[in-house]
Amino acid sequence: MNHVLIVDDEADIRDSLEAILREEDYAITTAGTAREALELVRDADYQAVLLDIWLPDSDGLDVLAQIRGESGSDQRASAPEVIMISGHGTIEAAVRATKLGAYDFLEKPLSLDRTLLVLRNAIKAHQLREDNQEFARQLAAKGSVTGQSVPLKALRQQIKLMAPTNGRVLIFGESGTGKELIARAMHAESLRHDRVFVELNCAAIPEDFIETELFGYRHGAGPGGPNQPTEKRGTFERADGGTLFLDEVGDMSLKTQAKVLRALDEQRFYPVGASTPVHVDARVIAATNKDLEEEIARGNFREDLFYRLNVIPFFVPPLRDRKEDIPLLAREFLQEFGQQYGRPRVEISDSALTQLKQYHWPGNVRELRNVIERVLILNPKAQRIETKHLPMLVQRTDGRPASSNREEFTTLLQAREAYERDYILKELDRSHGNVTRAAESLGLERSHLYRKMKTLGISMGE
């Protein structure tokens, strides 16, 4: 449902327009003054504004300029389209309104058919601008899949095969392997590449808010209760026509899983507080770092939802299985952070790259990226990254191999420490670095976990 703000000092016009537009299934808010209108626009998300040119406390064109930006060129996605209305329209006023960014100019008495047509077109224009700006942001964001290893070449070939279809994809991979980048690459090569890519990290949203994040809410049904004038489009609705990426889908509650399942089955859903459904056409790509079949056996994940999502399974290899890609990745991150911190010419030595390749990277690509950024920050005068600049953890590779390389262990103690270290790192990653939450999940006292981390050489920067 689209939200429209009506701004007119005549109560009869406000009331009649509100009644007509509500019949057309618009959510309506009204204002009688410029001050009230500007406060509402600042606090809520409107797709369109019907704005009278004559207001008791301000010129409507001044209000238009503030809504659209002082230059009349504010094209941020959240800015509503503004339709000016006037009982004393002049060519000069219409020209000025257009220059200030008005979508159209309507004269009183209003023609019902023309008003509805202009409003529909304005909302379509707002949605198109929103989609285009979101896509532009995504193109500017990092979206490549870097590497020349055999696993990465195979992965890119799989992306080319999967991308042009509308089949749902379930991406499996450890934390930090770049599952989001894979999803973005699939979208970029799909038939929907010129439409929006919307992502939601299911693990990052509290249970009380996940439903409204997914499906949105209508007037009066949001967190502010009945007195809240705003409404919100959820990720499903915003992804209409494009791609919806549900990251860490294994962290959704069973209640939320049931609602997602229904939305996937019916291709429609009910926003919170809505009496009519919203139909959507979005390709769904999901990702998880969990063994969902094991979660099903434990009763934590719905089997029917698993099969709906797992039409095309996709496995992202950990960094330890494609170590030949580490030099390329390291140089890419070095270039990225070098530009960010004003040091674009910093290089990295072959010996440092060799050392990076010897480390087992339990945190995968994300950990490598963090290490490169940390090295640049902590060595502001270095023009060349050497082995001595690397964290001690990366330098020490003789006693901390990955749990997958068990043949390298020489003692049971080493094997146990390596296993504990990997396990704790993964739990810290799942808890987004929150030691208290990780300790609860591990069944340890917070102080005990800190001692373990110190013993195993785990720092909070990993």
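In case you wondered, yes, glycine gets a Cβ from its N, Cα and C as well.
Per TrEMBL, the features are as follows:
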DOMAIN    3-123  domain 'Response regulatory'
MOD_RES   ASP52  4-aspartylphosphate
DOMAIN    145-377  domain 'Sigma-54 factor interaction'
What does the DSSP secondary structure composition of the domain 'Response regulatory' (3-123) look like, as residue counts for helix, strand and coil?
53 helix, 29 strand, 39 coil
Other than its own, how many Cβ atoms are within 10 Å of the Cβ belonging to ASP52 (4-aspartylphosphate)?
23
Within the domain 'Response regulatory' (3-123) only, compute the mean pLDDT.
86
